[in-house]
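I have placed the structure first, in the form of structure tokens, so that the comments after it can refer back to it.
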């Protein structure tokens with residue numbers, strides 16, 4: 001492509017971003033929020049894990065998969081802290097290898113401590129054995145729509161993911177997918193994604209920029225550029241004005257945040273919470289969001305809110321009546337002391353990090 005045509009393409013993307021930003025304001029108002037996936041563990045039981053994934057590099061190092069699971073009090077403590085600082089749970093994830101009952105119990109308890117329904121991203125799940133009263137939606141890990149998808153994600157057949165999402169829709173749940181940019185996708189793949197969104201009637205989509213992991217084939221590969229990322233986000237917004245768009249970037253890509261919001265993103269995700277909260281990077285992230293003219297719900301910098309010394313004034317959380325089994329209520333209450341200890345441990349970790357920085 002000539003320099004002139006490249007310039008025309010960039011100008012087109014920037015113009016589309018401008019239109020997408022206006023559409024986002026029209027349908028979602030002037031706010032941006034933080035979200036974060038709640039991971040249950042570090043082991044993936046897929047026989048053929050994804051080529052890009054950190055868990056794939058750890059699989060052979062983990063002799064006992066159950067020891068790679070997080071303790072329940074740790075999961076619930078993080079859920080409580082996320083509500084405290086106004087970060088919605090993007091979804092409960094990392095559940096490959098869990099039984100439907102285990103997923104159900106965890107979802108019930110997380111919903112109970114947060115007083116709101118949850119999204120699941122735990123692979124193809126048997127929804128008939130899940131308490132749907134605590135589930136807002138189901139997310140499918142599509143990851144990429146490129147021609148190499150079956151090779152990149154051999155353990156995640158697209159047809160099964162689609163069937164699971166369509167069943168969730170029939171049951172009255174919201175649905176979404178995850179897409180990772182930087183896996184070799186082409187611009188023409190955007191049309192494939194738009195067709196998939198329409199086919200599945202999705203309520204939301206999460207984009208991530210590839211964070212190349214050591215030990216994977218992508219270790220030395222470049223990730224997606226800001227302009228490319230903007231093109232994907234604005235294309236989805238212009239074609240689906242009411243879809244929720246979540247965009248994830250790593251700490252080394254903070255300058256991407258403003259352009260992504262200006263391209264139609266509602267939500268920023270992916271940042272490591274406890275190692276970054278209150279640091280200069282966290283202040284920079286908030287500044288990037290506010291620079292777009294958007295209002296930020298939630299905080300990445302207020303230590304007093306994290307520590308529970310004051311209450312967040314503006315939160316994206318809307319409390320709901322949550323009904324779970326008496327058995328799981330009992331489990332939560334029996335763990336209260338341990339949960340509170342984990343909360344204090346997380347807060348102390350943040351304070352030490354800030355003091356050392």
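Numbers run from 1 along the shown chain.
Cβ atoms here come from the backbone N, Cα and C positions, even for glycine.
Swiss-Prot lists 44, 50, 53 with the feature [4Fe-4S] cluster binding site. For 27-242, the entry in Swiss-Prot reads domain 'Radical SAM core'.
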Exercise for review: Pick the one among the binding-site residues 44, 53 whose Cβ has the fewest other Cβ atoms within 10 Å in this structure.
Suggested key: 53
Point to revise | Local confidence of the domain 'Radical SAM core' (27-242) - pLDDT mean | key: 93
Practice item. Tell me the Cβ neighbour count for residue 50 ([4Fe-4S] cluster binding site), meaning other Cβ atoms within 10 Å of its Cβ, over all protein chains shown. Key: 21
